[in-house]
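Database features (Swiss-Prot):
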type: DISULFID; residues: C82-C97; note: disulfide bond
type: CARBOHYD; residues: N69; note: N-linked glycosylation site
type: LIPID; residues: S1; note: O-palmitoleoyl serine
Amino acid sequence: SGSCSLKTCWMQLSPFREVGNRLKQKYDQAAAVRLARRRRLEPVNQRFSPPTKMDLVYLETSPDYCMRNDTTGAAGTAGRQCERGSAGTGGCELMCCGRGYDSFRATSTERCHCKF
């Protein structure tokens, strides 16, 4: 009698946090390019090497989200509340775009409808 063995291979995605970190790294290193002859991409800054298939590139710069833009409907960031200690997108350093910010302390009293 014969015997047979079965092998199964599968591919699996990396953990979500790792994928996000890699994508953020690519975003931070993205290079501006323009369309050259024969539909080839070349870097806008000639000091850089031509992009590879693994590089993230862009043709147009992003709008300035700090400033109000009625054409695109962007409200800008002036007047918004920020988180003073945060290093993230909601943090004052990033959200206030170098304009500075006012700090204030607020106390709120609300009924909690607690039952004991």
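Including glycine, each Cβ sits where the backbone N, Cα and C put it.
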Other CB atoms within 10 A, centred on the residue listed as 'N-linked glycosylation site': 13
Integer Cα-Cα distance in angstrom, C82 (disulfide bond) to the residue listed as 'N-linked glycosylation site': 20
C-beta crowding around C82 (disulfide bond), within 10 angstroms: 16
C97 (disulfide bond): tally of other CB atoms within 10 A of its CB: 14
Residue pair N69 (N-linked glycosylation site), C97 (disulfide bond) - Cα distance, angstrom, rounded: 15
